[in-house]
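Please find one structure pasted underneath; my questions will follow.
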């Protein structure tokens, strides 16, 4: 009975967080401009309500009673896992004074305007005081949350539980060692033609084709829809309603296509969560206070990157689907071969901007940011030294010269929201995607499916090993159960080495 | 300080109710089919939260303290009006046991399916037991809410405060007396041609024209948007975001056009509420637990009917805008004169279905339902006798023979939701619209504006006398302040008599 009461309370917390997500989706896709005046308050009120419900005296009493009631159950039972997650969340939130939450929210609400102005006018000095404050506040946050080795660990916990500066260091070192030679070797090679990607593609025709490809990999429109937005995202309101968005550049078609495949990958995760977990903590992030079924941001990113890159940028995908692309875009792709198309959508060109980076250089943008955040938090890097540090690292990693801060340290919105600790999941996702994809392809039925354009066997593997579990297991436990290993960069390095060696005719070095 | 605290609590109640409205809008316009599985719970949870916030011990303490704090203020000050409304709402909700709320919600959730099946199969007997239960439950509800004369008064209170069976009786009698002769006289006249309204109008072109006309009467798209739905509605999430919907019949264009004008009228009310009232009880229905600025359902309907009928179906409106309609619908309206168009959109034909009724016969559908509801609630009519009673009254009022219950007593969705008491506002709205419009036109600037297609002076009158006040004054106080009289049917009877006499060439009887 106590456990049932706790579950019902958590169901209502989930309802409120889903409601907040619906408001957020609406604000980013449908809301008329004037609506922003009061929408912020509405979202904030729902956040406060969810927080209060989770940490109330009533909930604590239900939690105590549920723990007592379930004491005889196995520790790894679903019931005890749920109760343990609620306990952990209640403790986590109890450590953070409400004053700190309020100050961060205030910082976030002023930060975005200041950052936008600083970026538009290439004026880092304008943003620097706010960033100083953000760092100080997050340092304070790290101290109250607690950590064993590095204060940055406390900040990453909300997004990628278990990941630490100590675990990331060898991972990043291995990636640099494995990938930098490829980046350098490609720099000496001729680039494929890609002019046809920049022809005039109408947004309407892009919408149709992007949605068709999302459905092709399994995105279920009975429980989803595709809309247009400025910064694409996936968002879910339980597994029964999982929406994706993309954006359209008239003169760069891949943006909508791979944007939609990326978000569809996220969506497949949420659509695949066990229905029994609906409205439970196994489909609610009680630490981040966000209604999501995926177990970590990195795990989520693994699914988006898997369907965007391993599936959607593969030669075998386009061997099947390029005729449909050509039929759909006859004016733009009529004179293009599948090989040209495949090479064009996989061009590797070191650049300045993270969100425009290709598969091979993307992680260097991430490493740079993670290293900077950790150094800012532990005090080894000063905000005032940041632009110089940024530009030096960009040159070291990718050999590019940063012309100004607008195209450098001011490019990302993240820090203006008051948030630090959110970047590592992009690389974790890439690594994890390769690990899962390599394992899946060992199954002949899956490989054969991919070769003939049937993605059901692959998706069934992901549902079985990842999606359905929701937040039942930690990210590394998921990986262990699915692949026999915790997070492991080797399949990723192998994948990129093979892929880019073939695309650019590189000689493979012995690994 | 106490008043400020109460106001902040009410602001959060308003946020939650607005969030619920956003979920409801989404469910009716955007949600994929699968979403319905969990959306109901999400909306229900927000309702419960708003209810609990409003009636909590904390709120009661804030309310006591605010009353003490404001005791020296004038009783009709904004502050004391707000506090009085909160007190009234807290008392109202305290009278209703939660068990009764729960039973009505359960009844509503099963009712719709049963009703839909009964209507589809023309089987009143299938729906009758549910309707019996609905009547019994609403009778119970009336007893706990309390009333002076008739239990139906307690049910109408939520929708049309102050209206009672005793006040409606003379109003309805006067309407019958004034309007029935017109209906009968028109029955002997030739009908105008209207074939061109049923030509093929594409939904896309209908959307454009309907939206253009809504904007023409003043609907502000910076704080609104028009979408497609099955049952059109207006809904607001504060005055800053007020959305309308319409529906499109390929072969009956007026549905989208007058639907949009009707909802735009509702929207103008909400868009015009004083910005200072945002998030306060003066823009929140704390009795109905609904975030709305309009003071009663009838007052709201007055604005929709005013802009749909008094403005949008007037000859002077089309003298200005028919050329634009012809240009937009050149294939469909190219061979039609403005006179033909005006006569067609004002055809009067007694029919079976309320939602398809014209201006002159609409109120008879309403009176029938109100009389039935009141009689069911006071026990003078039995559910089993309902079909026979319905059919007899339809014949008495409109001279039509009801062929089956699907086109009779089973046509409306309302009773299947567990709700009784919602019908009178349609007629109140018609009456009030005429009263306000007649008063407004006494101002030369407003009349001249209407004649040249400038609706700003009219809208300014409505903003000044109705919209901006939100829920500050009662409906009758609003009318008194604006027109010098409480609700008065004479301007409405005069309006319809003049209009239909002219349209059908009737000789006017002495009034």
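Quick reminder: no glycine exception, Cβ is built from N, Cα and C everywhere.
Model, not experiment: these values are computed from the prediction.
Annotation source TrEMBL lists active site, proton donor/acceptor at A:263. For A:262, A:266, A:301, the entry in TrEMBL reads Zn(2+) binding site.
If you look at the structure here, what lies around each of the features I listed?
Same-chain residues at least 6 positions away in sequence with a Cβ under 8 Å from that of residue A:263 (active site, proton donor/acceptor) are, in sequence order, A:214, A:232, A:233, A:234, A:244, A:245, A:246, A:304.
The local packing around residue A:301 (Zn(2+) binding site), expressed as other Cβ atoms within 10 Å of its Cβ over all shown chains, amounts to 27.
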Taking the Cβ of residue A:262 (Zn(2+) binding site) as centre, how many other Cβ atoms lie within 10 Å?
25
Can you name every residue in this chain, apart from A:262, A:266, A:301, with its Cβ inside 8 Å of the center of the Cβ atoms of the recorded Zn(2+) site?
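For the Zn(2+) site, the extra neighbours are A:234, A:263, A:265, A:300, A:303, A:304, A:305, A:307, A:308, A:429.
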Including all protein chains displayed, how many Cβ atoms other than that of residue A:266 (Zn(2+) binding site) lie within 10 Å of its Cβ?
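Looking across every protein chain shown, the total is 28.
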